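Heads up, the thing below is written out as structure tokens.
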Amino acid sequence: MSPTIRPRRLRQSAPMRRLVAETRIHPAQLVLPMFVAEGLSEPRPITSMPGQVQHTLDSAAREVERAIAAGVGGIMLFGVPTHKDAVGSGATDPEGILNRATAFLAERFGDATVVQTDLCLDEFTDHGHCGVLAADGSVDNDATLIRYADMAVAQAEAGSRLLGLSGMMDGQVEHVRAALDDAGHQQTAILAYSAKYATALYGPFREAVDSSLTGDRKTYQQDPGNRREGLREALLDIAEGADIVMVKPASLYLDVLADVAAASDVPVWAYQVSGEYAMIEAAAERGWIDRDRLVTESITSIIRAGADTVLTYWAIEQAEWIGARS
Ligand code: PBG
């Protein structure tokens with residue numbers, strides 16, 4: 001019995017496999033998330049994310065230079081303020097760390113890359129929630145929208161080209177779009193973190209931004225078991241005017257990503273989050289897995305599932321490998 005149909009023919013050599021590869025990673029599909037902290041004299045390592053740091057303005061600039069040289073598509077900025085309060089004042093202050101870092105990097109590199117900013121209050125609030133609180137302690141959706149609108153205008157004015165709305169408040173895309181347009185920022189684009197799950201995978205990020213959160217985000221982020229709801233959130237954001245939608249985390253939510261990719265008529269991105277990074281780095285540190293192979297495999301799988309672009313802390317390294325290997 002000799003088979004006539006032999007799928008192995010196309011796997012017989014590296015050049016043949018390269019020729020028929022269905023999924024390729026291009027550096028422009030990778031976006032680097034970066035943390036910029038206030039009041040640091042030198043970069044501070046983030047223990048639970050080996051290789052990642054809280055940047056000073058100067059070290060951030062050097063990192064952006066590396067990202068551009070590697071061909072990375074853009075950078076996503078997060079701010080780590082020294083002062084936090086109930087309404088997250090630092091988020092709307094033009095002198096707040098995120099807005100200052102944005103202005104500094106946009107001014108230097110705005111023609112060479114796409115400077116993007118996280119639009120959410122959690123790094124700036126003393127309670128650590130993504131919005132402002134009502135008298136009963138719950139996160140007040142509509143009062144938060146007013147803060148997001150002000151934050152959006154401040155970020156656009158600082159020079160951010162793409163605002164990453166990650167707070168999961170109802171109506172945030174529509175509200176922010178209207179505020180940007182009213183302020184004359186029609187060209188500032190919106191990346192909606194549409195399907196964002198209440199996951200344990202954000203753990204290391206909490207260290208990265210010195211988060212003061214106690215409790216959880218389950219009244220606004222989604223239940224990990226809900227697949228249909230992920231699609232609903234993405235379609236709502238598209239209807240509200242999102243220029244790009246995102247699924248987050250990535251690796252454990254590839255089914256949601258595939259659903260959104262099949263239904264979306266705007267670009268679909270995915271965020272390989274801090275916990276996804278930490279798990280691979282930790283296992284590799286113990287010598288239990290082949291780190292470099294798994295990094296590439298994980299990013300390939302996210303693209304295979306339907307992501308046009310991936311936010312990943314390995315963006316520079318992965319982009320450099322592509323340059324070296326191809
Ligand atoms: C909200 C925000 C979070 C992340 C990105 N934007 C934290 C959260 O929602 O709890 C997590 C990113 C990561 O874990 O890498 N500002």
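Backbone N, Cα and C atoms are what each Cβ position is placed from, and that goes for glycine too.
Copied over from TrEMBL, here are the features:
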ACT_SITE  LYS196  active site, schiff-base intermediate with substrate
ACT_SITE  LYS248  active site, schiff-base intermediate with substrate
BINDING   ARG206, ARG217  5-aminolevulinate 1 binding site
BINDING   GLU233  Mg(2+) binding site
BINDING   SER274, TYR313  5-aminolevulinate 2 binding site
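Annotation for GLU233 (Mg(2+) binding site): same-chain Cβ neighbours under 8 Å, separated by at least 6 residues, are SER194, ALA195, LYS196, GLN222.
Between the CA atoms of ARG206 (5-aminolevulinate 1 binding site) and LYS248 (active site, schiff-base intermediate with substrate) there is a gap of 16 Å. Ligand 1 lies under 6 Å from the Cβ of the following recorded positions, listed in sequence order from LYS248, SER274, TYR313: SER274.
Nearest by CA distance to ARG217 (5-aminolevulinate 1 binding site), out of the recorded positions LYS248, SER274, TYR313, is LYS248. Secondary structure at TYR313 (5-aminolevulinate 2 binding site), taken from DSSP and collapsed to helix, strand or coil, is coil. Cβ neighbour count within 10 Å across all protein chains ranks LYS196 highest among the recorded positions LYS196, ARG217.
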